[in-house]
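Novice: So that we are looking at the same thing, I have put the structure below in structure tokens.
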Amino acid sequence: MNGLKMLLFSTTLLTAFTLHAQVTLKQQVKITDEGLHFDGRNLDFSNVGTPDTGEKYDFFFGPNISAHGDAVKTYKHYVFMTWYKGGKSERNVMLSRYNTLSGELSTIEFPHRHTGFRGDPLVGESHNTIGLSVSPINGTIHMVFDMHAYDNNNHDGKFKDDFFRYSYSIAGAAELPHSEFTLDKFVKDTSEVSQGENDYKHLTMTGDLSDKGNFARLTYPKFFTTVDGTLLLYMRLGGNNNGAYVFNRYDAETETWSTFTKFNENNQKLKGNPYNWGLYGNMKYVNGKLRVGFQQRSNDNSDKYKYQNGVYYAYSDHPDGFGDWKNHKGEPMTWPLINSDEIKVFEPGDYVSHTDANSVYIVGSFDWTVTEKGDIHIISKVRSTDRSRPDYEEVYIHSYKPAGAEDFIISTDFTGASEIYTSGDNVYIVGLEGGRPYVEKAQGGTNNFVRVYEASDGPTFDHGTLYIKDGKVYYYLMERTSGNAMPLYLQIIDLDLDLESDANAPIVSFPSPSLTVEQGFEKLSLNIAAESPVEVRTIQSVTLYINDELVRTDTSLPYLFGHGSKPHETGAMGWLDTHEPNPSPLPAGRHIFKAVAVDSEGDSSVATMMLTVNSNAPIISFPQESLEVDEGFEKLSLNISAESAVEGRTIESVSLYIDGEFVRTDTSLPYLFGHASKPHETGAMGWLDTHSPNPSPLTSGTYEFTAVAIDSEGEESTATMQLVVKGEPEPPVVTWPNSTVTVYEGYEKLAITIDAESPVEGRDIQSVTLYRNGELVRVDTRPVWNFGHSHAPYEFGAMGWLDRHDPNPAPLSVGTHTFTAVARDSAGLETESDMTLIVLSLPGPSVMINESDISLLTEYQNLSITADASTANDDTSLVSLALYIDDQLVREIYEPPFEWGADGYSNELLELSEGSHLARVVATDSNNKQSESSIFINIDLLGDLNKDSVVDKGDTRLFTAKLRAGETMDIRYDFNGDGVVNNRDTRGLIRRCTYSRCTSN
């Protein structure tokens, strides 16, 4: 019944809200048929080393990389979109610009190609999105792209001097004519770390390479534009359970970016927090402020959360976010943030009943926004980790705080969504259903979502990303087809905000946005204020709802609810002698009061108030909320406190449960469980000589103790306590970034940071000791546990890389070497982990013949062959390149250019006989290592047109036929030397006949 009433109410609101507005699709345009998409297998660490080498494009994390992330923005009447070009062998970064006035589409292809998961182009990575922005002040275009926490050293150094990718244009490029909107309007990198002549990627945004450390280990670029046109960029620093949000600022006047500033610290444990944590959410610039909303992922893998937990929110009153950060209540927070609890809003995990380790899954379907009026809206989802468990739970949550309210309203009456957006004072859910776009809308500060747009035809889409500006949705979508190149579309959906209608809507408010009363409250009279801002309009009605149930409609002033004639309508008991007790008073808990005012023109507005009814139920508590004991504990006595909050009531009983299993009911004070007469009921072994050992003690694990108190009126309350039974001592965990590392002999640098931590709260790592092939290298007693750094360059056998480093007198030789790291914690426990270092001998030189296979006719006059070669490293030099034809040495050259058959040696390749010849160029380096490259030289008999190894009348007939057919002939068939090949040259061909009879004929 409640669901039906909610549906009817929402339909009424839809009619009111759309009286002056109609959400419509204004434009749809295809951007390309070649958007990159990953259509292969979803790999993991067990099979990422063996990706598909054919057409299928395997991936890590997810299949989407085009129309994904911060990929669409507007500037004046242009829409800009970034994408990667498909298919698998292309992968170029692309930028498209759509002119909404002329319909003209311009596209720029950049040289850079998606590098793939950890540098493997055969494995796509969905996190490597392209962030995009255009400065409204100077028309520069900015792109940050294709990175996932890279730095100079990780992933075997594949991203050295290329771990951050930033491209930008000259001023004014955003609105250049179609013919001038070209790649050369972007600025090349000409620094000392440039990747080549066509490198448009910059390692820093400041232009100063000394800042490069500030741009390392970053992921997920997203740009914002402030109210004054300033560009901000935010990214995530670090990893999933130890990260930070960082942001920087663009000065359009000087055309320079600042370095990144942290919103929160990473490595929080080193700064006094009990644990490290990372962020899963967003930083956004919305309603004139920089704000942050996220879920936390800690490195505690033993709690009930599989990954994330909590909802956290903060905002800055500084125009660019550089300070003045506060929680949702307006209270100052530590900046940069260290303890996330300072800004915690609520815990979604409380909305499911599971308590066992890793049983609660809070990933995905999280987003937030803030309306122009200041209403905060946060959506999230919590479910059981194991979808197959019989008590599976799944809850979608919409938590919102109307402007002016003190606390959030937490509603589970929500169908769920992946993203939430705002425009004006409304909030919107925009998504795909059945592959087609839809839009749902609610007034800010409410949970009244109604569908206002739904596409019924057109392409079916796989996914998309969007940007909302000036009341329009710019929905950037990928069509659902097949393969690793799929079409991309732009849809422009007009929300038709009807700002004039919004400005004319009634002004309605409760006396207070929130109120608290005691259960059984006698009186609650609410005088709701409602008036029209338009002089000639009047208020026709004010309707009150409680928890979306219709209470009453009032059509005349004052709009008073809960007055003496209707004492029960606000949930009160009644306060006059003439009032019968309310048979259905509001129970303890939170209740949403909603007032809907309608004016004489049919415009409507909504106001909400949250009423908190404090419970009359018993007050019950354990001595502690949580407790830790060692496995085999002898005694656990729990004196549970229980009393009534209402004078005259008594406690009738207290019952104890462990993980839902009934233990015992106690009906008299003290409510003591686990006492000497019942030592085993709390899971203990027993502690007196008279106690037999418990046959079923609590073993290692986490248990939930629940106490239920019932008072003399039958009302009940519960309290919980978590008991952690610790098993055998847990040693520290030590891990290498890579279990196997491969280098070439003579390698200059190998620096590795080893991760070591204790899984036991309160313990610290005291030391990490490194051994090489069983021999002690060094004991490190201070984090970070870094070996092979610039002050100890030889620890992993490297030669040394700085000018001050003497060459290592004992570098590691070619072969396999074992390095062992031993971590010791403050309890004296140790763990070791091995890494295998494979040292390969240097490869020979690289050599390539520049020509492809060559085909010539006998009596040819010219033939030359060229080659290029390089050595494996700068310390090795090239000795020579030698050309062999059919294994016969032609000539050995000792310095470039490497060319045979030219200059003073023009005859050395002439007079090769008819047939096929193998040409090989052999390169030799200073290590006496060789490599070779080869081609075939095919010499055909001049005049042998039919390829039968003789020149005869068959060839003369074929020659004549080709001339009649107008085919182009080799100029060497111009036997009479008149500059053309025609019938007059037939006699010259006949004279070349192999047999005399052909000549006479």
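The backbone N, Cα and C atoms fix where each Cβ goes, glycine too.
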Novice: Pick from D189, D211: which one does Swiss-Prot list with D199, K201 for the same Ca(2+) 1 site?
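Specialist: It is D189, as the record lists it for that site.
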Novice: From R113, R118, R291, R297, grab the residue that Swiss-Prot records in the same substrate site as S126, H127, Y280, Y361.
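Specialist: Answer per Swiss-Prot: R297.
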Novice: Among H127, K201, all listed as recorded positions, which has the most CB atoms within 10 Å of its CB?
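Specialist: Answer returned by the neighbour count: K201.
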Novice: Using DSSP and three states only, what is Y305 (Ca(2+) 2 binding site)?
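Specialist: Assignment for Y305 (Ca(2+) 2 binding site) reads strand.
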Novice: Which secondary structure state does DSSP assign to D199 (Ca(2+) 1 binding site), in the simple three-class scheme?
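Specialist: Coil, per DSSP.
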Novice: Cβ within 8 Å of the Ca(2+) 1 site centroid (D189, D199, K201 excluded): which residues?
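Specialist: Counting only non-site residues, the set is R165, S167, K188, S194, Q195, G196, Y200, H202, L203.
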Novice: If I take the alpha carbons of D303 (Ca(2+) 2 binding site) and H127 (active site, proton donor/acceptor), what is the distance between them in whole Å?
Specialist: 27
Novice: I'd like the number of other C-beta atoms within 10 A of the C-beta of D303 (Ca(2+) 2 binding site), please.
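Specialist: Other Cβ atoms within 10 Å of D303 (Ca(2+) 2 binding site): 17.
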Novice: Determine, from DSSP, whether D300 (Ca(2+) 2 binding site) sits in helix, strand or coil.
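Specialist: For D300 (Ca(2+) 2 binding site) - judged by DSSP and reduced to three states - the answer is coil.
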Novice: For K201 (Ca(2+) 1 binding site) and H127 (active site, proton donor/acceptor), what Cα-Cα distance in Å is obtained after rounding to a whole number?
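Specialist: Taking the Cα atoms only, K201 (Ca(2+) 1 binding site) lies 18 Å from H127 (active site, proton donor/acceptor).
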